[in-house]
Every structure is written in C-alpha cells, then in structure tokens.
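For reference, the structure discussed in these notes is given below.
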C-alpha cells in the first residue's frame, strides 16, 4: 500500500499530528474553544494590520491624517481599521476567558504551557499598547507619555531607560517611529511563542473538565473538534463584524478624534478597557514605585499559580468553596475595570484600593487556604 503523505511527508506530518490526528480528551467543553479563537484573532490582526501598514505613515505630522485617509479614501479602509481596532478587544476577551478557564480547571499544572501562555499575554499587552499610540490622537499621545513614564520609577536607571525608550526628552517623532516598528514586529513574536505554547501543550496533552488522565479514551481532533472550532469561529466573527459595522467606536475614547497636542492634557487619561483592571491597581497606591510594582504584580502573579496549588484535586469542578472564590475574583476584576475608567476622586479611590487588596488576597492567600480546607473536609 502506498504511504499516506499526510503521515509520511515531513511538513504534513507535523500539521497532521497537531491538527488532524491529535489525540484529544472526549469530554472537553466549549471553554476549550478559546485557544483556536485566539489563533483566528492573531491571523485576523496580522492580515488587517498588514493592510493598514501599507497606508500608514509613522510620522507625527502625518500619522493622524494618514489614518483618516485610510478610512476615507482606501477601498474598505474604514472596515479594515474597524476590524483591527475591535479585533484587539475581542483578542483580549478571548485571552481573558482562556486564562480564566485554565485557572478554573487547573491547567496551570502544565507548568511550561502555562508559563509560555503568561509570556504570550505580556507580549500581547505590549503589542496592544504600542499599537494604541499609532493613530497619534490625544489619548494615544498622553497614554504613551503616562505609561512609558512609569519606568522612571525604577531607581538609578529609570530616567535613562525612559529617555532611551522615547528617543529624546519627550514622546515625539522617534517614539512614534519605533513604536510602529515594534507594533509590526511583536505579532510575529506572538506567533512564534504560540508555536512553543502548542509544542508544550502537545507534549503533555490537553487537560479536561474532570482534571483526570484521559489517555485511554482520547478521540482524534478532526472531525470532532475541528467542526466544533468552526462553530466557535462563526460565533466570534459574528459579534466582531457586527461591532465593526454598527458601532465601531463604542470601545474607543472620544479624545482620540483630536490630533495629539503636547500642550493640552485630556481631563481623564485612561488606557483601553482591557488594561483598566491593571490601571486601577496602579492608581490605588499613592506611591509611584509602589504603584508600578503592583501593576507588574497584577499580571506576573499568574506565574505563581502552579506554586500556590494546594488542592489534591486538579480542577474546581467539585470544589464549591474554591468556585465561590473564583467567581468573587471575576466580579472583583469587573469592579477594578470599572474603577479604572472613573476619575480619581471619592468614592472611587477607596473602592479601587479595596478591590486591589481583594485581588491579591484572593490569589495569594485565600485560594491556598481554601484548597487546604477542602482537602481536610474530604479527608484527603
């Protein structure tokens, strides 16, 4: 019998083992769809971004008008831009859901997969930040100024790092040029990290809602999950295109319709919605260095998840106390997101400080204690 090229050809064999004949647990739920949705988001962002880059000019005098030109004069330029801007929001929705699922079902015990995933999140955040600066509107300019300025809180070398990042003594043309270069480069870095992420995942195999080894009853990825993923893709593209066509500026900041002006500060500087939780944590500490450390810790704390797992069971499926804590954490993140969008005044300051304290308390203290308590209750 002739050898099947799908199983013998060096390249096709890799694709086959990753997407077609991949042994997959038979009981994974829709929460496992977000990985493929993230891949779709990345491909969409790279494609729309490439088309936008063809019409964009990375110069402070021309950036704003080049974006306006893309929307007015380029064939479907408005649609490409709206898909790209809102695609970023959906990218973050998917990655937050993906992380939440990993946290709920104990997927972080695949340490290498989890750690590369956290690195992917950090790279995505960096990409989104430098991308937000490119239209060179008011919020782009002041967002870049405020966020890059945080590095000046680092003792001794902080100010030097900031001036090195800016390419001068303020956010100006060199900053915009290098941010464009970085925004073009980082998505390909994300694609590379994704391959590493998948390599580690396929080494250990997927987790499942029960958190138990399912080697004995695994099923091939195609056609079962490939079809299920296509449904997920349709359900993602529907709200994305609806948003891009009907309310493209819903999640944007009105300040960004005004060209950047270093002489006029917007009344309330805030990042895009997907960074607001971290921004609220940053603002909840009245000290600059303390705020920056808390901001970094808000994401880097994810690296500690495997070390803080004290339960004898992997998932939270049969741990009601941990479930309660998990959903409290989710609610807390919504509160932080809301606080980040509010001005720095009473009562928002105290709510932000309480929510920030709760965030770290739940993750670092309450989860391990609750896990140990549940072990005792189950006589483990």
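Glycine is no exception: its Cβ is also placed from the backbone N, Cα and C atoms.
Here the structure is a predicted model, which means the values were calculated and not measured.
Annotated transmembrane segment per Swiss-Prot: 34-54 (among others), in sequence order, evidence recorded as similarity to another entry. Long-range neighbours of the transmembrane segment (34-54) within the same chain, counting only residues 6 or more positions beyond its ends whose Cβ lies under 8 Å from a Cβ of the stretch, are 70, 80-81, 83-84, 87-88, 90-91, 94-95, 97-98, 101, 180, 183-184, 187-188, 190-191, 194, 229, 232-233, 236-237.
Long-range contacts of the transmembrane segment (78-99) within the same chain, counting only residues at least 6 positions beyond its ends with a Cβ under 8 Å from a Cβ of the stretch, are 31, 34-35, 37-38, 41-42, 44-45, 48-49, 51-52, 67, 70-72, 117, 120-121, 124, 128, 131, 236, 239-241, 243-245, 248, 251-252, 272-274, 302. Residues annotated as transmembrane segment in Swiss-Prot, with similarity to another entry given as evidence: 78-99 (among others).
Residue 84 (heme b b562 binding site): 20 other CB atoms within 10 A of its CB, across all protein chains. Look at Swiss-Prot and you will find 84, 183 tagged as heme b b562 binding site.
For 98, 197, the entry in Swiss-Prot reads heme b b566 binding site, with the evidence type similarity to another entry. Counting only same-chain residues six or more apart in sequence, the Cβ atoms lying under 8 angstroms from the Cβ of residue 98 (heme b b566 binding site) belong to 34, 35, 38, 117.
Look at Swiss-Prot and you will find 114-134 (among others) tagged as transmembrane segment, backed by similarity to another entry. Only residues 6 or more beyond the boundaries of the transmembrane segment (114-134), in the same chain, are considered here, and those with a CB under 8 A from a CB of the stretch are 56, 58, 63, 67, 88, 91-92, 95, 98-99, 102, 107-108, 140-141, 143-144, 147, 175-176, 179-180, 182-183, 186-187, 189-190, 193-194, 196-197, 200, 271-272, 274-275, 299-300, 302-303, 305-306.
Per Swiss-Prot, transmembrane segment is recorded for 179-199 (among others), and the stated evidence type is similarity to another entry.
According to Swiss-Prot, the ubiquinone binding site annotation covers 202, on the basis of similarity to another entry. In this view, residue 202 (ubiquinone binding site) is surrounded by 14 other Cβ atoms within 10 Å of its Cβ, with every protein chain counted.
The transmembrane segment annotation in Swiss-Prot covers 227-247 (among others).
Annotation comment: Swiss-Prot describes 289-309 (among others) as transmembrane segment, evidence class similarity to another entry.
Under 8 Å from some Cβ of the transmembrane segment (321-341) lie the Cβ atoms of residues 100, 103-104, 270-271, 273, 275-281, 283, 311, 348, 351-352, 355-356, 358-359, 362-363, 366-367, 370-371, 373-374, all in the same chain and six or more residues away from its ends. Summarising the annotation, Swiss-Prot assigns transmembrane segment to 321-341 (among others) and lists similarity to another entry as the type of evidence.
Summarising the annotation, Swiss-Prot assigns transmembrane segment to 348-368 (among others).
Sequence-distant neighbours of residue 197 (heme b b566 binding site) (same chain, 6+ residues apart, CB-CB distance under 8 A): 113, 116, 117, 120. Counting only same-chain residues 6+ beyond the ends of the transmembrane segment (227-247), those with a CB under 8 A from a CB of the stretch are 30, 33-34, 36-37, 40-41, 79, 82-83, 86-87, 89-90, 94. Around residue 183 (heme b b562 binding site), taking its Cβ as the centre, 22 other Cβ atoms fall within 10 Å, counting all chains.
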